[in-house]
Amino acid sequence: MNSSISDIPWLGRLPQSWRRALGAISMLWVSTAFGAGLTFITQALLARELGPSQYGLLASSLATITMVAPLAGFGLPQYWLQVYGVEGWEGNRWLRPSLRFITGSTLLTLGVVVVWSLTGAPLDARPMLLLLLPVVLGILAVSLISSQLRLEERHFALAWWQLTTPGSRLLVAAMLLLMVAPDGRFVAAGFSFISLCVAAMALPRLVAMMRGGIRLHGHGPAPAASTTADAPLPTVARLWSQAWAYGLEATLYPIFFQISTVLLKYLNGNAQAGIFGIALGVMTAIYLIPATVYQKFLLSKFHRWAVHDRHKFWMVYRHAAVAMLASGIVLAVALIGVAPWVVPIIFGEKYRPVVHVLTVLALCVPIRFLSTAISAALLNEIHMRYRVVAMGLSAGVVVIFNVLLIPTHHEMGAAFATVAGETSLLIAMCLGVRWFHTRARRT
């Protein structure tokens, strides 16, 4: 006997568009949860096999690469969502300068990593940073193709695409079980090989997209003739002037989120960085929930609705914000409850200090969920400039509190610094929405 979603009584009474949205979000959530599980298992294997010191060196080096990686592409994947949401098929005119922009920014990013590795990094981190260099290409490839799939609203393909990296990294971590003397450099080389494979997989899709092969959703069928023929072709300088705010926000976020791990390595040592890195990995898995709802599902729609259907935009925005806050509170309570007995079982007794760090970081869960929801109303170029300033100030708060607290409170100081940064970002997002939208409605 066949069944469908309509056979469930309360679901069957929902409008068809709601059922489709619920199905898409459910699929993305399942894939996100699966990806988070893979990442969690990978971290557990690495932490147990490498030990706090080696794992701390690997985690801090990977965090450094992750902080620099958004310079490659510099906000272009995020800008594609905005420009196609506003221009529709005419957004294809931005593809040619996009190719030159990607090439130049990627070469610059790789050069920055090499120069820092050889001149500024600690001696023990230099080989690790150079081994991890191809991770920049992998992160760029995942980001570009993910934006393309969001524009096409191919949620199933997006779910599978974003599982490639965590699934492959788990295989690398599992190979440590076969080694007599596990080595972090082997893991770094394995992660880099995966990144090169992901970039190779993305290349044909990017080439097809640059030739106008995108299947844009929500803007009607593709016109018979190229819409870029009559539209003025923007220059790379024009693209830079439009996309720089997206690039700065994309660059500042990993600094805001991961700088604590790096500063712990520099100010305290590899072991403390390893402890905090485990806790931050758990938080990363939790933060995938709002990322799934907003970045993978709602963001491209919000860009479209903000221009073409304002009523729908605000209705979805308000309901989603309430749901995010409620789910964040529930998850924070659950994290505090399960951490004391789950962490020692999975990571071992030597990582028990992670429990205390997670107890503090649990405060960040409802804060992050709500700030993600509120910031969804800040979409256009002017809003993005404000978001860049807000993210920069919040990153500054994190750095200042880390420098003040890490020397005396070690990984717990980094945890409190992270809470301070998340709180400042939430306040900034609330003020931004109030300034740009509430004030505008009154006038």
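Glycine residues also receive a Cβ, built from the backbone N, Cα and C atoms like all the rest.
TrEMBL has this to say about the protein:
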type	residues	note
TRANSMEM	21-46	transmembrane segment
TRANSMEM	58-81	transmembrane segment
TRANSMEM	101-119	transmembrane segment
TRANSMEM	125-146	transmembrane segment
TRANSMEM	158-180	transmembrane segment
TRANSMEM	186-207	transmembrane segment
TRANSMEM	243-267	transmembrane segment
TRANSMEM	273-294	transmembrane segment
TRANSMEM	315-342	transmembrane segment
TRANSMEM	354-379	transmembrane segment
TRANSMEM	386-406	transmembrane segment
TRANSMEM	412-436	transmembrane segment
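Within the same chain, the transmembrane segment (186-207) packs against the transmembrane segment (58-81): three or more Cβ pairs sit under 8 Å, each pair at least 6 residues apart.
If you look at the transmembrane segment (158-180) against the transmembrane segment (243-267), you find fewer than three C-beta pairs under 8 angstroms, all six or more positions apart, and that falls short of contact. When Cβ-Cβ distances under 8 Å to the transmembrane segment (273-294) are tallied for each of 58-81, 101-119, 243-267, 354-379, 412-436, the top count falls to 354-379. Annotation: stretch 412-436 has the most Cβ pairs under 8 Å to the transmembrane segment (354-379), among 58-81, 101-119, 243-267, 386-406, 412-436. Contact between the transmembrane segment (386-406) and the transmembrane segment (243-267) is supported by 3 or more Cβ pairs under 8 Å, counting only residues 6 or more apart in sequence.
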